[in-house]
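Q: Structure below; questions to follow.
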Amino acid sequence: MAMANIARRKSTALFSSSSKHLSHNTKYSSIFSRGFASGSDENDVVVIGGGPGGYVAAIKAAQLGLKTTCIEKRGALGGTCLNVGCIPSKALLHSSHMYHEAKHSFASHGVKIAGVEVDLPAMMAQKDKAVGNLTKGIEGLLKKNKVTYVKGYGKFLSPSEISVDTLEGGNTIVKGKNIIIATGSDVKGLPGITIDEERIVSSTGALALKEIPKKLVVIGAGYIGLEMGSVWGRLGSEVTVVEFASDIVPTMDGEIRKQFQRSLEKQKMKFMLKTKVVSVDSTGNGVKLTLEPAAGGDQTTLEADVVLVSAGRTPFTSGLQLDKIGVETDKAGRILVNDRFATNVQGVYAIGDVIPGPMLAHKAEEDGVACVEYIAGKQGHVDYDLVPGVVYTHPEVASVGKTEEQVKALGVEYRVGKFPFLANSRAKAIDDAEGIVKILAEKETDRILGVHIMSPNAGELIHEAVLALHYGASSEDIARTCHAHPTMSEALKEAAMATYDKPIHI
């Protein structure tokens with residue numbers, strides 16, 4: 001496996017940002033990470049926000065021997081991800097997939113069920129139970145690690161003092177030598193569209209609809225919109241996705257994106273691309289959207305029972321009084337930090353969705369651990385080039401590293417290896433063989449540059465590729481690694497074989 005060693009020594013320019021976790025404002029790099037402030041000797045670390053970044057940072061700080069307090073305004077830990085995001089959406093995606101399979105696929109496997117129907121309240125109850133159990137579990141972890149948990153809305157009085165309006169109606173002052181801002185993100189609205197969480201909903205409202213809409217219009221063809229569209233489409237809604245851009249999920253590899261869209265269209269999801277939403281009127285019984293081509297032209301109308309606004313997310317820093325202590329932000333409202341997550345204010349740090357980088361729960365967790373390690377005098381690191389992304393539809397789409405379009409833009413000579421799941425024995429055995437693995441590797445060194453997978457459970461398969469990219473592996477390294485048979489992961493091995501040589505099973 002000599003190629004792997006060559007790959008590790010060459011082409012470091014392709015991942016030039018890997019030495020830092022984001023494009024930082026370098027003038028902050030000289031800030032001393034401990035940032036002790038006078039008069040605040042009560043806590044070593046105070047974390048504002050109890051989401052994936054915040055609660056993980058708090059637990060890690062406590063594990064490193066730092067006296068820690070976590071402040072959370074929701075009164076339930078886990079942030080958007082656990083309460084109204086990743087977890088409840090995946091619960092509904094799984095439940096709706098089970099219903100769809102029972103209705104459309106079980107019979108072909110010799111399992112006959114008469115009168116399959118949706119019990120929406122029971123489905124929602126299962127989702128809520130999962131959320132509740134996990135929230136309590138995180139609270140237990142804070143207690144186990146001796147993290148003080150304060151329920152309330154925190155705002156800066158000084159770089160070392162946080163005023164908390166508690167959920168019980170009182171107020172308390174929490175002092176800390178180091179303050180970490182981990183307040184996450186909020187739904188990005190659209191001009192002229194008022195979200196009421198009943199007929200015009202955000203992802204939060206889409207997770208709690210009381211009945212299955214006959215017609216659902218999704219504004220935005222990103223991860224969240226496609227996932228929630230899939231949920232309600234499986235349950236019987238007629239789903240139309242309206243997207244201003246020319247493509248769905250613009251960050252996705254172009255070839256994979258096209259196959260993904262075709263797959264969703266086979267599931268009866270309709271797409272209106274290059275289309276602008278001019279207005280949304282909910283004064284009547286239903287909702288009426290006025291649309292026009294993105295490039296301009298004649299207007300048309302589209303009617304729906306429910307409209308999901310899924311235009312992305314924006315950093316949430318409202319009420320923190322950042323201006324009071326002088327924390328700098330960019331035009332998008334993101335907090336500027338250096339490569340140690342330090343802001344321009346000594347002793348104040350920020351992680352997760354409030355800073356530049358992917359707005360993903362797992363990225364926030366890595367931020368939290370690295371930030372606390374720096375505060376404790378250790379070394380931390382997060383490589384934003386190697387944060388995996390997953391769309392949890394069926395099939396799923398997962399990726400890490402660079403797309404083919406990005407590699408071309410770099411002017412790098414490369415090879416592409418592909419392998420379809422139609423030729424994978426496990427996929428054929430379970431009759432779920434739609435999808436493909438695509439690997440991009442530098443031609444000279446065989447170093448893997450990017451991996452893209454569309455398949456059932458692609459989100460689980462991608463981590464072998466994440467590890468490979470972290471260690472500078474070549475496609476031959478994966479190809480010569482023994483994979484259990486029969487497994488879906490063999491498709492990744494075969495795609496690696498196709499990248500540096502030839503696959504066996506196609």
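Quick reminder: no glycine exception, Cβ is built from N, Cα and C everywhere.
What TrEMBL records for this protein is below:
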| type | residues | note |
| --- | --- | --- |
| ACT_SITE | His485 | active site, proton acceptor |
| BINDING | Lys90, Gly154, Thr183, Gly184, Ser185, Asp353, Met359, Leu360, Ala361, His362 | FAD binding site |
| BINDING | Gly220, Ala221, Gly222, Tyr223, Ile224, Gly225, Leu226, Glu227, Glu243, Gly312 | NAD(+) binding site |
| DISULFID | Cys81-Cys86 | disulfide bond |
| DOMAIN | 44-368 | domain 'FAD/NAD(P)-binding' |
| DOMAIN | 387-496 | domain 'Pyridine nucleotide-disulphide oxidoreductase dimerisation' |
Q: Among all protein chains shown, how many Cβ atoms are found within 10 Å of the Cβ of Cys81 (disulfide bond), not counting that one?
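A: Cβ-Cβ neighbours of Cys81 (disulfide bond) within 10 Å number 22.
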Q: Suppose the NAD(+) site is Gly220, Ala221, Gly222, Tyr223, Ile224, Gly225, Leu226, Glu227, Glu243, Gly312. Which further residues of the same chain have a Cβ inside 8 angstroms of that site's Cβ centroid?
A: Val218, Val241, Ile248, Val249, Ser310
Q: Give the sequence-ordered list of residues that share a chain with Cys86 (disulfide bond), lie 6 or more positions from it, and have CB atoms under 8 Å from its CB.
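A: Listed in sequence order, they are Ala361.
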Q: From the Cα of Ser185 (FAD binding site) across to the Cα of Ile224 (NAD(+) binding site), what is the distance in angstrom?
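A: Between the Cα atoms of Ile224 (NAD(+) binding site) and Ser185 (FAD binding site), the distance comes to 14 Å.
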Q: Looking at the binding-site residues Ile224, Leu226, Met359, which one has the fewest other Cβ atoms within 10 Å of its own Cβ?
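A: Sparsest of the binding-site residues Ile224, Leu226, Met359 by Cβ contacts within 10 Å: Met359.
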Q: Going by C-alpha positions, which of the recorded positions (Cys81, Lys90, Thr183, Met359) is nearest Gly220 (NAD(+) binding site)?
A: Met359
Q: Just checking, which of Lys90, His485 (recorded positions) has the fewest C-beta atoms within 10 Å of its C-beta?
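A: Candidates: the recorded positions Lys90, His485. Fewest Cβ atoms within 10 Å: His485.
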Q: Enumerate same-chain residues with a sequence separation of six or more from Gly222 (NAD(+) binding site) and a Cβ-Cβ distance below 8 A; give 'none' if the list is empty.
A: Ile248, Val249, Ser310, Gly312
Q: By Cβ count within 10 Å, point out the most packed of the binding-site residues listed: Thr183, Ser185.
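A: Compared across Thr183, Ser185, the most Cβ atoms within 10 Å surround Thr183.
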Q: Which one is it: of the recorded positions Cys81, Leu226, Glu243, His485, whose Cα lies the shortest distance from the Cα of Thr183 (FAD binding site)?
A: Cys81
Q: I need the nearest neighbour of Lys90 (FAD binding site) among the recorded positions Cys81, Leu226, Glu243, His485, using C-alpha distances.
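A: The smallest Cα gap between Lys90 (FAD binding site) and any of the recorded positions is with Cys81.
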Q: What is the Cβ neighbour count of Glu243 (NAD(+) binding site) at a 10 Å cut-off, with all protein chains included?
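A: For Glu243 (NAD(+) binding site), the count of other Cβ atoms within 10 Å is 25.
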Q: Distance check, please: Cα of Glu243 (NAD(+) binding site) against Cα of Met359 (FAD binding site), rounded to an integer number of angstrom.
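A: Distance (Cα to Cα, whole Å): 20 Å.
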Q: Can you figure out which of Cys81, Leu226, His485 (the recorded positions) comes closest in space to Met359 (FAD binding site), comparing Cα atoms?
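A: That would be Cys81, the closest of Cys81, Leu226, His485 to Met359 (FAD binding site).
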Q: Suppose we draw a 10 Å sphere around the Cβ of Gly220 (NAD(+) binding site). How many other Cβ atoms does it contain, all chains included?
A: 23
